[in-house]
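K.L.:
Structure below; questions to follow.
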Amino acid sequence: MGKGGALSEGVVKKILLSYAYVGIWITLSFSVIVYNKYILDRKMYNWPYPISLTMIHMGFCSSLAYLLVKVFKVVEPVQMSRDLYLKSVVPIGLLYSLSLWLSNSAYIYLSVSFIQMLKALMPVAVYSIGVLLKKESFKSDTMANMVSISIGVAIAAYGEAKFDSWGVILQLGAVAFEATRLVMIQILLTSKGISLNPITSLYYVAPCCLVFLSIPWIIVEYPLLRDTSSFHFDYLIFGTNSFCAFALNLAVFLLVGKTSALTMNVAGVVKDWLLIAFSWSVIKDRVTLVNLFGYGLAFLAVGYYNLSKLQALKAKEAQKKAGQTDEEAGRLLEERQGENAGKKDESQG
């Protein structure tokens, strides 16, 4: 009885911790998105400089990641040659910088709710790019699923009250670059047996992003900031915003490390609905019934896609275990045959 009670207590504790990790990630992800919207939106804080904001994030994250890896040694740096860094990390850093730049730029033109709806296209982009780069195999049922997601997002876009073509182009570009980055991580790093957690990822990638972002910043935003004599750097606003962005990376590490990537996907859906509700009720963005119908259709298709991936993963694991069991059985059979042969030789001797 005591043993069963202890087991139940352990299970409850594990469930509560999982909910805590999910809650922390949703809170931080929600905060970063709303905070970025607040800073960049012309009707709120009115600081429409997405490249500068992204550079502040990357500079802050680079500094803290360096302290955690090199000074406090919280995590060990990955052994990486200069050639591997230039051929793998640099392209990933370029894609990441473009993705962050465009996604932050979209907040100037689009509502928070509509941006979350457009982000539902991420599985479509990842799968399509994976097929093009021969990382994924083409399957007609999966492609039909991708078309369903796309139709849902198209309906949501059709029903958007404040549709802005340039904002949509920016957000779709951000999705495309982010999807390419995720596929390239698989091709350039995972295939080589290199795995980066969010801290080591920031340690290697964030300085690279900072360098890439400095080029368009010098051309596009620096002249505007230089001519804005009224601008002063608000350490409280940008400091807390950057800290939230860094904390979000740690929360990703905590959530995926202690639960699973699938849990994060499910939590992401909850976060999207919360953001849509917040955008409608607090920021007073207009959300139409057509918006919700389209996103609901995309949401169901994404849910089905995640379920299919989970079932495929379970089948693969079951097949792997079955293979291990067959291998162990074969080894035991060989050992027994060897023992029997030894006994036979002894009896003959």
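Using the three backbone atoms N, Cα and C, a Cβ is placed for every residue, glycine included.
Pasting the relevant annotations from TrEMBL:
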DOMAIN    20-306  domain 'Sugar phosphate transporter'
REGION    324-349  region 'Disordered'
TRANSMEM  16-35  transmembrane segment
TRANSMEM  47-72  transmembrane segment
TRANSMEM  84-102  transmembrane segment
TRANSMEM  108-130  transmembrane segment
TRANSMEM  165-189  transmembrane segment
TRANSMEM  201-220  transmembrane segment
TRANSMEM  235-255  transmembrane segment
TRANSMEM  262-283  transmembrane segment
TRANSMEM  289-307  transmembrane segment
K.L.:
Looking only at residues six or more beyond either end of the transmembrane segment (289-307), which have a C-beta under 8 A from one in the stretch?
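P.N.:
Counting only partners 6 or more residues beyond its ends, the transmembrane segment (289-307) has Cβ contacts under 8 Å with 113-114, 116-117, 120-121, 123, 142, 145-146, 148-149, 151-161, 262, 265-266, 269, 272, 276.
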K.L.:
So which of 47-72, 84-102, 108-130, 201-220, 235-255 has the most C-beta pairs under 8 Å when paired with the transmembrane segment (16-35)?
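P.N.:
By Cβ pairs under 8 Å, 235-255 leads among 47-72, 84-102, 108-130, 201-220, 235-255.
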K.L.:
Which stretch from 47-72, 84-102, 165-189, 235-255 shares the most C-beta pairs under 8 Å with the transmembrane segment (201-220)?
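P.N.:
Comparing 47-72, 84-102, 165-189, 235-255: 47-72 has the most Cβ pairs near the transmembrane segment (201-220).
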K.L.:
Does the transmembrane segment (108-130) come close to the transmembrane segment (235-255), meaning at least 3 CB pairs under 8 Å for residues 6 or more apart?
P.N.:
no
K.L.:
For the transmembrane segment (108-130), I need the partner stretch with the highest count of C-beta pairs below 8 angstroms, choosing only from 47-72, 165-189, 262-283.
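P.N.:
The stretch with the most contacts is 165-189.
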K.L.:
Can you work out the mean pLDDT of the predicted model over the domain 'Sugar phosphate transporter' (20-306)?
P.N.:
92
